[in-house]
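K.L.:
Handing you a structure now.
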Amino acid sequence: QDSGKVVIWNMAPVLKEEDEKNENIPKMLCQMDNHLACVNCVRWSNNGVYLASGGDDKLIMVWKRAAYIGPSTVFGSSSKLTNVEQWRCVSILRSHSGDVMDVAWSPHDAWLASCSVDNTVVIWNAVKFPEILATLKGHSGLVKGLTWDPVGKYIASQADDRSLKVWRTMDWQLETSITKPFDECGGTTHVLRLSWSPDGHYLVSAHAMNNSGPTAQIIERDGWKTNMDFVGHRKAVTVVKFNPKIFKKKQKNGSSTKSSCPYCCCAVGSKDRSLSVWLTCLKRPLVVIHELFDKSIMDISWTLNGLGILVCSMDGSVAFLDFSQDELGDPLSEEEKSNIHQSTYGKSLAIMTEAQLSTTIIENPEMLKYQQRQQQQQVEQKNASIREASGTATAAPKVASMVNGESLEDIRKNLLKKQVETRTADGRRRITPLCIAQLDTGDFSTAFFNSIPISGSLSGSMMSSQSNQQLMSLDSNAVNSLNTSKPSVEPTAASIKPTDDAANKDGVNATSASTAPPASSSSVLTTPSKIEPMKAFDSRFTERSKATSGTAVVTNTNQTVVDRLKDQNLIKDNKPKDILESSSDSEEKVPAAKPLSAPKRKLELEGETVEKKKKGRPRKDSRLVPVTLTVQSPATLASEKDAACISAPALALKLPTPIPQKSFTLQISSDPSMYLEVENEMTTVGGSKLSRLKCNREGKEWETVLTSRILTAAGSCEIVSVACEKRTLSVFSACGRRLLPPIVLNTPISTLHCTGSYIMALTTAATLSVWDVHKQTAIIRDESLQTIFSGSDATVSQILLTQHGIPVMSMSDGKAYCFNPSLSTWNLVSDKQDSLAQCADFRNSLPSQEAMLCSGPLAVIQGRTSNSGRQAARLFSMPHLVQQETTLAYLENQIAAALTLQSSHEYRHWLLIYARYLVNEGFEYRLRELCKDLLGPVHYSAGSQWESTVMGLRKRELLKELLPVIGQNLRFQRLFTEYQEQLDILRDK
């Protein structure tokens, strides 16, 4: 019965008996039933990323593993049948008008060939599916088998028309047609799977006849001679498959060290249900297994290590045979195999890539020296990684580009640097250029159950634990819930941001679980927390970020504040919520209030207690009021005191003033040993009530008094700032010296931040100001937030102040804005709904796994908004051209955002990725423009506007870093040489 089913099995239970008996290890990894009729052939690509399948439905489907989707139940089956891995169809190829009988990947995976009963062979462009490169028409019967020449010069096909045809890949024309061994053959086999030896010397066909006996015909590459064959099977040969490895005789102890002649291994299957395995160094088969199946053998596949073989039959069963090196011999390394190809043919398409099928002859000594240095570095890195792996059993594996278990760099190292001359049919000379493979990290990801481990996989998250704690490096301000014995939070890997509903639910649970905690259980919040936007004064709770899961969230009730709010009729008799307000200098939650059109949901918190201020040791709880953006009208509030906000879009934004508290304590997150204590109206002198500010740092204390009640405070390692009730802002040094007379604000303070020597103040009139205290200059002066709230219901979920005094506002809708002082404009630097971030795919342009881990303000902003987009790029396919355009646009946006945020580290990081992507994709005009901007004018010009530095980075030093990236692709060797020579000239000057 035709099922159209493709099943991927786990090899671990096949290889090990203990894994087979272990119920926790699944035997089936995935089952795909997209085909509409019987599947005739499945083939893995050489790099193991793609799986191609062809069937009676006239379709070829190309599959790719969706690395970030968990297990799921097979549709229509019982709950016990589960897909441990998820494979998606990335492309459906439609061209054949009949059943697809065989598919085959080219040695360099740039082409995919398929044959059909419509008598044609179709060559597909595997780089740009579903583009067709050629349709080979010449057979007059059903084409039932395909095989590629391992060096990529030919492709061979066999059909029921009693012929075997060899086609050139250079022009897709017929090279030769072999018919004599097949004159007596009939169309009695379902398939005719022929195979080419891994050394390229022999092509072995299926179903030939010699003296009326079935054979597998051996065709020599030199002259296409047919003097030898494999004999012994009683019925027609259906499939021939060469082992991908080349072997040499195993050296025994005490034997001669003289190297033996290499040989190949070939398996032959027949309709007589038997399997024979041959070695080209022996006259007789190594082993013959009779009656292995109940019906004819359909296909054969060798494992990558060359010691295992899988055989399937028309009876629906699959057999696995395991050989030892004593039986087959010692396999040659890929390097030795490449040397054989190079010494015999001068090149091998198996070690080339599509981007380098043009002229790549090394033209100058500098490029040659660079290639040699690069090869030496790769050898040293490989040796270092081997030593590290052997010395540390738990060391994480490094990501490496592999082809059949060998690094592309090791293969590239041994390329023969000479030209290959051939003659075309009309006698003209043709010189084939030498090609060198590019780096290609591919799209590997660690499988759930692998019998052969992958060297490494790229993380789906663009954030590291270091970037999760970036707020600490931004000289963060005070953070509540002081705990001197545990000043920091243990970093963990970032996860995808939950949905709003999930976050809301988690926030409720976190608050309920932590009511009235013991004093010793408090933790210090030093990383940015994502909270659900608060509406007016309802839902007063926060939740810890998923990046810091596992650390207890401690919240404390503030009944005094709630009572005061009730007295002022700002809230109704809702049950009070836990309040935990972070005054970190690098983040702030400032949600905009919305109209109270419906009663708010109540949070049931039992056992709420209020602790009194204790002398001596600072308090563990916070007395700050959460800042809430509200749209208020004084006249309306006068008539309706119980309204927290009203629906009046035409009115200006209005932020509430923090409620004065009797006392509170803040810890400076950038310096865990530094905290501030505030006591309002602690004493009366001459009829005036004085408030005290006390700072404790590493056991050293200083204190001062102010004549007005302190509303809020902030600090960094350099300065301390407090905002008072009389619209004044006082600034002190880290040692307590007053730096400026009190700054008088236009409107009362709402939020205060400090980073380094910068102070950011957000007033109740929704205006933003930033000052540089050391230079005594205003960076930003009374800038309105109306621009970023115009026409949007979004709320502010996070505020950052970078080390360069750039304010950043992260909104609840996933957008993030920063204010550019030079342009006096708000710039959009991040948007989680941006399709560019979801579609961009630049993993192949990352030199290593560590390259993904970049900390900085941009990483902090995008840490919870871009991770889902990173994974979406792996889950959905799109045309290659569209993906190129979106990736370029995304990378350019990242560079521009890092430049606006004045983050030099992130600017360099994204610039190198951008340059590497341009090199990999062959965008020479953009690459040249980038190099031209970094180089600048070679000769001095008084009217030149070119700046030699960007954010303290020397542009020409950046160009020196880009040149090795450009040198990885010999297509750009002239560009490399041009700018290398100009840099040398400038250096000599």
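For all residues, glycine too, the Cβ spot is worked out from N, Cα and C.
Values in this document were obtained by computation on a predicted structure and should not be read as measured data.
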K.L.:
Please identify the range among 327-360, 361-394, 565-598 that TrEMBL labels region 'Disordered'.
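P.N.:
Per TrEMBL, the stretch marked region 'Disordered' is 565-598.
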K.L.:
Quick one: DSSP breakdown of the repeat 'WD' (93-125) into helix, strand and coil?
P.N.:
0 helix, 20 strand, 13 coil
K.L.:
Mind checking which residues reach the repeat 'WD' (93-125)? Cβ under 8 Å, same chain, six or more beyond either end.
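P.N.:
Residues 37, 40-47, 50, 52-56, 58-62, 131-137, 139-152, 155, 157, 159, 161, 167, 169, 172, 191, 193, 348-354, 357, 437 contact the repeat 'WD' (93-125) from elsewhere in the chain.
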K.L.:
Looking only at residues six or more beyond either end of the repeat 'WD' (136-167), which have a C-beta under 8 A from one in the stretch?
P.N.:
98, 101-108, 113-117, 119-123, 173-179, 182-183, 185, 187, 189-200, 203, 205-207, 217, 219, 224, 341, 345, 347-350, 352
K.L.:
Averaged over the repeat 'WD' (32-64), what pLDDT does the prediction give?
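P.N.:
For the repeat 'WD' (32-64), the model's average pLDDT rounds to 92.
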